[in-house]
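Residues or ranges marked as transmembrane segment by TrEMBL: 20-37, 49-71, 83-107, 127-149, 169-190, 210-227, 239-257, 296-318, 339-361, 367-386, 398-417, 423-441.
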Amino acid sequence: MGKHKKKEEAVFLRKKITLLRAFSLLIGSMVGSGIFISPKGVLKNSGTVGFSLVVWFACGLLSMFGALCYAELGTRITKSGGHYIYILETLGPLPSFLFLWAEFFAIRPANSAVVSLAFGRYLLEPFFAPCAAPVPAVKLVSLLGYYAVLTLNSWSVTWSARLQTALSVVKLLALMLIIVPGMMLLAQGHTKNFQDAFDRQSLVPDKLPLAFYAGMFAYSGWFQTSFVREELVRPERNIPLAVIVSVITVIVGYMLTNISYYTALGTQDVLASPAVAVSFVQQACTNLISVVPVLVALSCFGTMNGGILTFSRTLFVASREGQWPPLFSMIHIRRHTPLPAVMLMFPLVTAMVCIGDIYHLLNFFSFSRWLFIGLATLGLIVHRYRHPELQSPFKVPLFVPVSFTIICLFTVAMSIYSDPVNISIGCTMVLSGFPVYYLVIQRKMSNRCHRLL
């Protein structure tokens, strides 16, 4: 009787994320600040309009490869936790802890700070046009937006998922308000900015990794369903469906959006603009000048919501696996939200928003992110080799994880030459996890084994 009662009262993450919500989570996470700030970074590091469009398409194709790999991992490994749990289950505890360390101290706070700053800039842009919004005001509004998302994710999984669904529609509307006027201008013959689109003299090959970092940042989010694996309804069916449809949708949307930008803006206009979407509206359709920035800000708000929703699950799973303090495996008994894990990012994101700059933060965290994503897909190859008897309901051709892993690791290696300062800081953050692992985690595991014996 007592055991039965305990079983009934057990607290766990509930299966509340349907196919529609999974699709909304992916769209909401991918379409955010990236498509509205990354065009400048992609163009600056690729050199010309033509090469920048090639980079955008290549990043979309690479994202599809990565999404397919993660879809298979999600059907093979039934735990939530995303990159962390995949690396832990395939490559072992040391690489997984190094990812966790880098994710907590570098990747996630820097990524959240970038999206928050984009949210603040676009929300304030209509009030200060044609001048730039004051930096202190941007940072203050950025923090207020981030704190609002923290509060929502601490309150209810259901409401944060519903908001994600609603904001996914807003994100697609924001893209359509750029794509439709852009296509109309293109049909009217506005092709001046596409002349000499592939001028090789402007191409700087050693900067291409940074162009890929900017482009992949815009697509990042295709892996978000892997963080909430245990909360998905029918994950074997819904994970592959959600990632394939969402990534194809975003690739088409991003290509059309970038072409639209260049129908109204030249190379120098894009490079000089602090907010590309606002500059486009000022040139192409002034009657939307007060609408588009607000929709872009809401898109960024949705990206922040998706990021917190998924990252808190990583800490929850890591605590359950014994590699993070047990406090963060606790769930609110009535609301079923991992409250301690949600609130942990509060101080770090606050600090990075206050002292950081969007493009420096972008290069800083991209090194660590793509290093460990490459290791996770390497883990898929290892897992297939070690467990040939395992029948996965979804399986991709071997060349997909092999190609994705090689490209990720090659880009990471090349970026050290492209931006040695920020990449060195990111590399140092990863390496600093080694002594922590051997002094704390491995010793704790050894003590457990000793007591067991």
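Cβ coordinates come from backbone N, Cα and C, glycine included.
Just so it is clear, the model here is predicted, and its values are computed rather than measured.
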Residues of the parent chain within Cβ reach of the transmembrane segment (20-37), under 8 Å, 6 or more residues beyond its termini: 114-115, 118-119, 122, 161, 164-165, 167-168, 171-172, 174-175, 217-222, 224-225, 228, 232, 238-239, 242-243, 245-247, 249-250, 253-254, 257, 275-277, 296, 299-300, 302-307, 309-310, 358
Recorded stretch that, among 83-107, 210-227, 367-386, 398-417, has the most CB pairs under 8 Å to the transmembrane segment (49-71): 210-227
Feature contact check the transmembrane segment (398-417) with the transmembrane segment (367-386), CB under 8 Å, 3 or more pairs: yes
Beyond the flanks of the transmembrane segment (296-318) by 6 or more, those residues with Cβ under 8 Å of it: 13, 25, 28-29, 31-33, 36, 79-85, 100, 103-104, 108, 111-112, 115-116, 118-119, 122-123, 145-146, 148-150, 152-153, 157, 160-161, 163-164, 167-168, 170-171, 174, 221, 224, 227-228, 231, 275, 277, 324, 328-329, 331, 337-338, 341-342, 344-345
Most Cβ pairs under 8 Å with the transmembrane segment (83-107), selected from 127-149, 239-257, 398-417, 423-441: 423-441
